[in-house]
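Below is one structure, written out as structure tokens; the observations come after it.
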Amino acid sequence: MAPKPPSGTSLRAWDAVTPALSEWVLEAMSSMGFTRMTPVQASAIPLFMAHKDVVVEAVTGSGKTLSFLIPVVEKLLRLEEPIKKHHVGAIIISPTRELASQIYNVLSSLLAFHPPSAAAINPSEDDDAPRPKFPSSTLKVVPQLLLGGSTTPAEDLSTFLKRSPNVLVSTPGRLLELLSSPHVHCPQSSFEMLVLDEADRLLDLGFKETLQNILRRLPKQRRTGLFSASVSEAVDQIVRVGLRNPVKVMVKVKGGSGVDDKRTPASLQMTYLTTPPSHKFAALKRIVSSVQPTPLKTIFFVSTCSGVDYLSAILPLLLGDDFLLIPLHGKHQANVRQKNFNRFINSHDPAILLTTDVAARGLDIPSVDLVVQIDPPSDPKSFIHRCGRAGRAGRRGLSVVLLHPGREEDYVSFLEVRKTPVVPFSPSISFSDADAAAATATARKAVLADRALHDRGQKAFVSWLRSYSKHQASSIFRVSDLDWEALGKAWGLLKLPKMPELKNFTGDKTLGMSLDWDNYAYKDKQREKRRKELLQEAAESGATQSTSNKRRATESVAWSQQAESKNKKLKRREQKKSKQEKARWEKMTEEEKQKVLETEKMVEELRKKNEEERRLRRAVAKAAGAKADGDDEEEFQGFD
């Protein structure tokens with residue numbers, strides 16, 4: 001039985017943890033402003049430190065990161081001897097680059113209070129003040145951050161060989177790259193702990209194969225921790241990641257009735273606003289202006305990357321100069337994502353991050369005051385994660401989800417059943433058709449100035465419709481209920497896109513616009529020149545009726561049916577090829593078959609040998625400070 005804390009000591013005091021935390025950890029918590037543990041930390045840290053596998057489900061913003069970082073650090077610093085060179089003691093896996101970076105930064109901040117680790121992480125330069133030196137036998141924690149897009153796998157391996165880190169913080173794809181090297185070791189004698197942060201997303205089918213390949217390279221005798229805001233929805237998959245009799249920790253929030261009925265922080269107020277489609281974007285200015293004091297950090301969530309690209313050009317015109325709008329989505333280049341993320345984090349003026357669900361999970365964006373879900377998420381699980389960007393660590397926050405009148409209002413009851421209740425937005429906001437018309441005119445003025453923006457709008461609208469049609473709550477979000485003309489005008493479109501979903505639409509597809517499309521130009525001179533050339537070529541050659549009919553026939557097929565047709569063709573092609581190979585094999589003599597098998601075996605062995613030699617050459621070259629030629633590795637783009 002664990003000893004009880006001294007009389008008068010709060011169970012959530014850092015010095016009440018059993019087994020006791022190191023003095024330098026207590027000093028770090030005090031210096032970082034954490035006066036006492038959060039409920040999830042008070043529950044999870046003692047269990048994880050006591051060699052238990054843990055499954056931790058707690059509301060977003062509840063301090064889960066320190067719940068696993070402190071046990072990992074304490075475990076590695078209490079070993080009998082240092083971990084061997086090029087051996088790994090702990091791994092922390094995150095679904096996104098941004099979240100992995102934040103975990104690494106928190107870990108580095110913590111280790112700054114442990115002199116041996118701090119010296120290993122940031123060795124002194126010639127012009128720096130001399131740092132104390134520690135013998136090689138001194139226990140220390142040396143982390144390495146692995147991110148696709150910022151470094152190549154060869155550079156990661158070179159850093160690993162040079163610094164010999166014992167803790168890896170990584171996204172799944174880049175981690176698997178490193179663990180595939182024969183120079184990286186995770187034997188049972190060295191490896192201690194595995195942490196899966198945002199575990200339900202890591203256990204999603206999209207990451208299943210990568211995760212399984214990683215787990216095959218790790219010893220089964222280890223401590224494993226799963227941390228997330230909604231672990232319960234992935235519990236049936238926990239066995240697959242090798243937990244042994246895990247202890248489940250669930251930390252919920254009491255609602256007004258005093259019953260544990262909420263899955264979000266008590267400091268977060270979740271609301272909804274019902275607005276007609278034509279007023280949707282015009283309402284955004286009213287929302288951010290009505291919140292007092294003015295929110296310094298706001299996040300707007302939309303459903304698609306194309307939507308971010310288009311609305312990042314339109315919304316600043318509607319919001320005015322009072323807010324800095326910054327786009328962020330998963331298809332941005334890694335350096336662009338990091339740059340925009342840092343701009344938002346470091347902005348001293350009111351800023352709005354326009355993003356997709358790439359920013360909905362795990363990111364600890366400090367001081368977010370307001371979250372607006374312009375598009376309700378296709379996956380209801382994402383709703384809680386989006387809202388949870390505000391109201392973190394006890395800070396007051398507000399979230400608003402925009403709904404169309406009618407059937408979409410049933411989403412309120414749907415959320416109530418899922419224990420994420422929302423209340424009407426207050427103060428109430430009134431709209432007029434004149435406000436909506438003015439917003440449409442402002443957006444269209446920008447679109448008319450550049451045909452490229454029109455193209456982006458058409459693409460974004462189609463992309464939004466596809467996402468809308470995939471809502472898991474399909475009985476609430478129905479394409480057949482959409483008001484096409486109102487939506488098109490709200491988006492600032494000059495016409496509705498050609499979509500099979502509009503095949504039976506009898507309204508005004510031009511949205512009341514009359515435009516000379518032949519003379520509607522791109523701002524980019526090269527692009528406009530090319531458009532005119534194509535227009536001239538089409539006029540001179542003339543499109544044949546059969547070609548025109550064929551194109552129209554293709555357009556009349558829904559995008560989902562087109563994708564299904566392509567998949568069927570590919571499957572038939574593969575089946576045909578397989579039959580041909582089988583027939584050729586059956587015609588061979590036994591001697592011929594044996595020769596083929598021997599040849600294939602030799603080719604495979606040679607391929608593996610060459611690949612290993614290339615990996616080794618690159619690693620050695622990088623370790624020596626040289627740049628290996630032909631080292632153009634594909635960058636891992638992360639998860640969206």
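Note: Cβ is positioned from N, Cα and C throughout, glycine not excepted.
Beyond its flanks by at least six residues, the motif 'Q motif' (14-42) meets 2-3, 5, 49-50, 56, 58, 62-64, 66-67, 70, 73-74, 77, 109-110, 112-114, 249, 251, 393 of its own chain at Cβ-Cβ distances under 8 Å. Summarising the annotation, Swiss-Prot assigns motif 'Q motif' to 14-42.
Per Swiss-Prot, domain 'Helicase ATP-binding' is recorded for 45-249, and the stated evidence type is sequence analysis. Per-residue pLDDT, averaged over the domain 'Helicase ATP-binding' (45-249), rounds to 86.
In the three-state DSSP assignment, the secondary structure recorded for Ala58 (ATP binding site) is strand. Residues or ranges marked as ATP binding site in Swiss-Prot: Ala58, Val59, Thr60, Gly61, Ser62, Gly63, Lys64, Thr65.
Residues or ranges marked as motif 'DEAD box' by Swiss-Prot on the basis of a curator's inference: 197-200.
The feature domain 'Helicase C-terminal' is assigned by Swiss-Prot to 283-437, with sequence analysis given as support.
Marked as coiled coil by Swiss-Prot: 521-629.
Residues annotated as region 'Disordered' in Swiss-Prot: 531-593 (among others).
Residues or ranges marked as compositional bias 'Basic and acidic residues' in Swiss-Prot: 577-593.
Residues or ranges marked as region 'Disordered' by Swiss-Prot: 607-640 (among others).
The compositional bias 'Acidic residues' annotation in Swiss-Prot covers 630-640.
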(request) Give the number of CB atoms, excluding that of Val59 (ATP binding site) itself, located within 10 Å of its CB. (result) 24
(message) Treating G and I as helix alongside H, and B as strand alongside E, what does DSSP give for the compositional bias 'Basic and acidic residues' (577-593) in helix, strand and coil?
(response) 15 helix, 0 strand, 2 coil
(request) Please state whether DSSP places Lys64 (ATP binding site) in a helix, a strand or coil. (result) helix
